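Please read through the structure below; I'll follow up with questions.
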Amino acid sequence: MTNIRKSHPLMKIVNNAFIDLPAPSNISSWWNFGSLLGICLILQILTGLFLAMHYTSDTTTAFSSVTHICRDVNYGWIIRYMHANGASMFFICLYMHVGRGLYYGSYTFLETWNIGVILLLTVMATAFMGYVLPWGQMSFWGATVITNLLSAIPYIGTNLVEWIWGGFSVDKATLTRFFAFHFILPFIIMAIAMVHLLFLHETGSNNPTGISSDVDKIPFHPYYTIKDILGALLLILALMLLVLFAPDLLGDPDNYTPANPLNTPPHIKPEWYFLFAYAILRSIPNKLGGVLALAFSILILALIPLLHTSKQRSMMFRPLSQCLFWALVADLLTLTWIGGQPVEHPYITIGQLASVLYFLLILVLMPTAGTIENKLLKW
């Protein structure tokens, strides 16, 4: 008799994706972030669902409803902080996952990579809209500043912004629609993630060497299921340390002040995970130029497969490319720091230099390094 997990139409899909899946025998902990992202997504959907039961998307009551969740709802405070800090963990895992893809050349799986870029953009949009919902000062002004950037689009800009706002400023209509989108998008993300996985399983996973691992596969279960469980435990440990000991560490104190359209905060800045892009936006004095640089700073990921010049897939055996990769990481950390600083000397200059270096590294230096390494190996 055939095993039910191999014959049942539904169980068969699960079996082929998580149990009998042939996996490379040498994938490191950098390959754990995919499953961690899945856990983050499920966690965010569950905590978000319980928050939505008590939240009201009206400008007069939104701030109070969040306070009510934290003070009056049973364990509301832990649900709220797990959701807020869960977003931070989500982005840490996302950036690690993308970094792994860049380092080991996983972007050569074109469909998987491009769907991943779409996923990144969707998660960023979801997080931005979620930040607006508590209706604190930073929520309101963040929404105003970021949506206002679209007015830089020639001819249709102003109409587009007013259409998104649902009026002539960020108001009740904006908050209501942002709540609606923030609720639906995670389910769309879940669907896209399944397509991401589908395309990955067409080719199989990459591995640190970047060489085909068809000759040496092991079953996903029990080897990588146990490895993923360890990763999940560490993720939950990190999240709960943050939630229980420093819940407001990554937040902005301004968001504990109710939104006031008549009072602009001295430093408007997004959550930490958007600061690198915000720094690139601010480094260009022209509004449209800044918006284009902001968009391109993320969309540049879609160009990465076209910029791959090396005959080797992974950076494992390419020291020159490795140096440039870590320079890129350092540059992104510098941009993150600059994005949180006021617009004054010397931060302006540092931000501009770091922004130029970001694009220079990806578009010029890394492809050049690939070519040089080919020459050195007489390929």
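Residue numbering: from 1, along the chain as shown.
Note that Cβ sites are derived from N, Cα and C of the backbone, with glycine treated the same way.
Small disclaimer: the values here were computed from a predicted structure and weren't measured.
Look at Swiss-Prot and you will find 33-53, 77-98, 113-133, 178-198, 226-246, 288-308, 320-340, 347-367 tagged as transmembrane segment. The heme b b562 binding site feature in Swiss-Prot is assigned to His83, His182; the stated evidence is experimental evidence. The heme b b566 binding site annotation in Swiss-Prot covers His97, His196 and is backed by experimental evidence. The ubiquinone binding site annotation in Swiss-Prot covers His201 and rests on experimental evidence.
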Can you figure out which of His83, His182, His201 (the binding-site residues) comes closest in space to His97 (heme b b566 binding site), comparing Cα atoms?
His201
For the binding-site residues His97, His182, His196, His201, which one has the sparsest Cβ surroundings, going by other Cβ atoms within 10 Å?
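Across His97, His182, His196, His201, these binding-site residues, the one with fewest Cβ atoms within 10 Å is His201.
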Give me the Cα-Cα distance between His196 (heme b b566 binding site) and His182 (heme b b562 binding site), rounded to a whole Å.
21
If I restrict to non-local contacts, at least six residues apart, and a C-beta distance under 8 angstroms, what lies near His83 (heme b b562 binding site) in its own chain?
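His83 (heme b b562 binding site) has long-range Cβ partners Gln44, Thr47, Gly48, Leu51.
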Applying the under-8 angstroms CB criterion, which one of 33-53, 113-133, 320-340 scores highest with the transmembrane segment (77-98)?
33-53
Out of 33-53, 113-133, 347-367, what stretch is closest in contact terms to the transmembrane segment (226-246), meaning most Cβ pairs under 8 angstroms?
33-53
In Å, rounded, how far does the Cα of His201 (ubiquinone binding site) sit from the Cα of His182 (heme b b562 binding site)?
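Here the two Cα atoms lie 29 Å apart.
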Which sequence positions outside the transmembrane segment (33-53), separated from its termini by at least 6 residues, show Cβ-Cβ distances below 8 Å to it?
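Non-local partners: 69, 79-80, 82-83, 86-87, 89-90, 93-94, 96-97, 100, 182-183, 186-187, 189-190, 193, 228, 231-232, 235-236, 239.
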